[in-house]
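**Q** Got a structure for you, written out below as structure tokens; questions coming shortly.
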Amino acid sequence: MRLKNHSSVSEFLLLGFPIRPEQGGIFFSLFLAMYLITVLGNLLIILLIRLDSHLHTPMYFFLSHLAFTDISFSSVTVPKMLTKVQNQPIPITYEECVSQTYFFIFFADLDSFLITSMAYDRYMAICHPLHYITIMSQSRCAMLVAVSWVIASACALLHSLLLDQLSFCADHTVPHFFCDLGALLKLSCSDTSLNQLVIFTAGLAAIMLPFLCILISYGRIGFTILQVPTTKGICKALSTCGSHLSVVALYYGSIIGLYFLPPSNSKINNNIVASVMYTVVTPMLNPFIYSLRNKDMKGALKKLLSKKTEFSK
């Protein structure tokens with residue numbers, strides 16, 4: 001059913017990437033490979049966590065949800081982009097654009113909340129090990145994930161409803177490869193001050209506040225380690241937190257650089273590069289980060305492969 005907006009615009013044109021037509025095949029192959037790696041890698045993480053009882057812990061519970069979110073996050077933008085990357089611009093209907101905006105914001109915020117929950121889990125494991133099992137109970141972990149879903153859904157719904165109230169000018173070309181909310185607001189003929197206020201407020205609540213909580217958590221972890229600076233303790237902390245810190249740096253580095261730092265002269269191209277980093281590259285790298293630097297994940301993978309070999313015999 002057609003959304004009730006104040007605009008006669010029936011579709012938008014996504015300009016996609018600033019590339020030459022002959023480069024379309026290369027970009028199609030590249031992004032298709034990255035998307036397949038994202039889906040298969042994160043599905044493997046979910047499978048390993050489900051099958052290996054040693055991974056039925058709070059940290060891996062959050063990781064399985066993060067893997068699902070990463071698959072969904074990339075799936076919001078990449079498949080649509082792949083269908084027309086060799087024949088830009090990319091047409092997208094008004095309804096599809098609003099829906100894409102909703103799910104993009106939803107999974108982006110959910111990613112942020114889940115990464116924060118994982119930092120809280122690491123903080124409790126290192127700073128309060130005696131109370132860890134009691135505090136990080138199965139019900140507590142499920143509650144953290146459920147609250148993350150509810151808040152992310154509410155934020156995305158608010159942005160989408162406000163977007164649907166806007167009128168759009170004759171120019172309906174979006175200088176991006178997906179329906180980016182900021183780019184859409186620039187095309188509007190309506191007053192977008194309320195939208196901008198909500199973006200700023202929600203950005204603080206969904207991105208900057210979780211990032212601050214992560215920094216505080218790791219600050220407390222570092223302080224705890226330095227109180228008893230043994231080589232074994234430092235190595236254990238790095239093993240426990242190293243993978244998560246890498247994900248934090250990739251995800252928040254891209255988003256903060258895109259939305260919270262002063263714009264540069266080549267703002268459009270920089271926006272596209274930063275968006276590719278946190279919508280395509282980061283979800284693709286997460287399985288490698290968590291598997292290559294994690295003994296438990298590597299052990300679970302070896303057991304799965306050994307079982308497969310025995311079954312084939």
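Cβ coordinates are placed from backbone N, Cα and C, and glycine is handled just like the others.
Not my notes, these are from Swiss-Prot:
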- 1-25: topological domain 'Extracellular' (TOPO_DOM)
- Asn5: N-linked glycosylation site (CARBOHYD)
- 26-46: transmembrane segment (TRANSMEM)
- 47-57: topological domain 'Cytoplasmic' (TOPO_DOM)
- 58-78: transmembrane segment (TRANSMEM)
- 79-97: topological domain 'Extracellular' (TOPO_DOM)
- Cys97-Cys189: disulfide bond (DISULFID)
- 98-118: transmembrane segment (TRANSMEM)
- 119-142: topological domain 'Cytoplasmic' (TOPO_DOM)
- 143-163: transmembrane segment (TRANSMEM)
- 164-196: topological domain 'Extracellular' (TOPO_DOM)
- 197-217: transmembrane segment (TRANSMEM)
- 218-240: topological domain 'Cytoplasmic' (TOPO_DOM)
- 241-261: transmembrane segment (TRANSMEM)
- 262-271: topological domain 'Extracellular' (TOPO_DOM)
- 272-292: transmembrane segment (TRANSMEM)
- 293-313: topological domain 'Cytoplasmic' (TOPO_DOM)
**Q** May I ask which residues of the same chain, at least 6 positions away in sequence, place their Cβ under 8 angstroms from the Cβ of Cys189 (disulfide bond)?
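**A** Leu166, Ser167, Phe168, Cys169 - these are the non-local Cβ neighbours of Cys189 (disulfide bond), listed in sequence order.
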**Q** Determine the Cβ neighbour count for Cys97 (disulfide bond): the number of other Cβ atoms within 10 Å of its Cβ.
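**A** I get 21 for this one.
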**Q** Taking the transmembrane segment (98-118) as reference, which of 26-46, 58-78, 197-217, 241-261, 272-292 has the most Cβ pairs under 8 angstroms?
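**A** Comparing 26-46, 58-78, 197-217, 241-261, 272-292: 58-78 has the most Cβ pairs near the transmembrane segment (98-118).
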**Q** How about long-range neighbours of the topological domain 'Cytoplasmic' (119-142): same chain, 6 or more residues beyond its ends, C-beta under 8 Å?
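**A** Residues 58-59, 61-62, 213-214, 217-218, 220-221, 224-225, 237, 240-241, 244, 248.
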**Q** Take the topological domain 'Extracellular' (79-97) and find every residue of the same chain, 6 or more past its ends, with a Cβ under 8 Å from one of its Cβ atoms.
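**A** For the topological domain 'Extracellular' (79-97), the list is 2-3, 5, 7, 9-17, 19, 21, 24-25, 27-28, 31-32, 35, 173, 177-179, 184.
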**Q** Could you count the residues of the topological domain 'Extracellular' (164-196) that DSSP puts in helix, in strand and in coil?
**A** 12 helix, 4 strand, 17 coil
**Q** Using DSSP reduced to three states, classify Cys97 (disulfide bond) as helix, strand or coil.
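**A** For Cys97 (disulfide bond) - judged by DSSP and reduced to three states - the answer is helix.
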**Q** Cβ under 8 Å to the topological domain 'Cytoplasmic' (47-57), counting only same-chain residues 6 or more beyond its ends: which ones?
**A** 63-64, 296-297, 299-301, 303-304
